[in-house]
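S.K.: Here you go, one structure.
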Amino acid sequence: MAVRTWLMILFLVFMMMQKGKGQLSETFYRTSCPKVESIVRKVVTEKINQTFVTIPATLRLFFHDCFVEGCDASVLISSPNGDAEKDAPDNLSLAGDGFDTVIKAKTEVEKSCPRVVSCADILTIATRDVIELAGGPSFKVELGRRDGLISKASRITGNLPDPNFNLTQLNTMFAKNNLTQTDMIALSGAHTVGFSHCSRFANRLYSFSPSSPVDPNLDPTYAQQLMQACPQNVDPRIAINMDPATPQTFDNMYFQNLVAKKGLFTSDEVLFTNKASQATVIDFANNPGDFSGAFVTAIRKLGRVGVKTGNAGQIRVDCTAFNS
């Protein structure tokens, strides 16, 4: 009996050790690179002072990275053949300021802690920082990710939400990444500081249906404003704010806009028009604290998607290239 008990204890200790190897931790760099978060914060702050686009660009970069191959900085890889993740059609609109933020932060971190901190972790820290510096919630990040070894444009299809998705399609895609409907709605709130090219929602203005060219779920005054900003055959480079009220503040205005029929994408407005998600939207619109709490929970969960830890992956020296 004693032998069996001893073996059981050894097994449990072994399992705990294995679990520890593969876990993220808020204190992962406490001894190996204790100043990593302050170094990244300084770079992010300087970058935001240069251009506000840093905020939505970094946020969107993080989301697109985590939903394809997991949070492993695979979206940062540049390929001479133009076939890396960033080259996929759905990623061509990722603003360069997001990439630049991570690359600059990595350069500074390498000066203090060479070959220690992953690009995936730097992107995670930078994402937390842009949220907080835009007026959003403050929270701790879990660290210990390693950088992925795969980055292919061909692996994007079917892994990123489309602006025309309905609620079922959104829930299905987020569930694949262990995210609930509430997580999905909360993360959609990041559109409060987002921007979009006109082509992503033009169908709601000009070709919604044979009987109604304009989507009836779009506030008529807002629709007119969008038409002025995005006339037909507009320059494809033109982008507009997704939150017409407080576009440079991370707040719950996105949800107030949805209630007022001012959601830009079909996939935004459906969160309010569908009864299955409407109550959550109304709660977030009326209670900023509820939104902030749900958002922090959701983005921390997002940061755990498909992570490489322990001996998996690598710590890239250059975020845009696999180590040689």
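Positions of Cβ are set from backbone N, Cα and C atoms, glycine also.
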S.K.: With the disulphide bonds as TrEMBL has them, who is the partner of Cys319, out of Cys119, Cys198, Cys230?
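M.R.: Disulfide pairing in TrEMBL: Cys319 with Cys119.
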S.K.: Whole-number Å only: compute the distance from the Cα of Cys66 (disulfide bond) to the Cα of Asp72 (Ca(2+) 1 binding site).
M.R.: 7
S.K.: Who sits close to His191 (heme b binding site): which same-chain residues at least 6 apart have their Cβ under 8 Å from its Cβ?
M.R.: Met242, Asp243, Tyr254, Leu264, Phe265, Asp268
S.K.: For Cys71 (disulfide bond), which of the binding-site residues Asp65, Pro161, Asp251 has the nearest Cα in space?
M.R.: Asp65
S.K.: Any same-chain residues 6+ apart from Thr192 (Ca(2+) 2 binding site) with CB under 8 Å of its CB? Would you list them in sequence order, or say none?
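M.R.: The answer is Met242, Asp243, Thr246, Pro247, Thr249, Phe250, Asp251, Asn252, Met253, Tyr254.
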S.K.: Out of His64, Asp72, Pro161, the recorded positions in the record, which is closest to Cys230 (disulfide bond) when you go by Cα distance?
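M.R.: Sorting the recorded positions by distance from Cys230 (disulfide bond), the top entry is Pro161.
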S.K.: Mean pLDDT over the domain 'Plant heme peroxidase family profile' (23-323): what is the value?
M.R.: 97
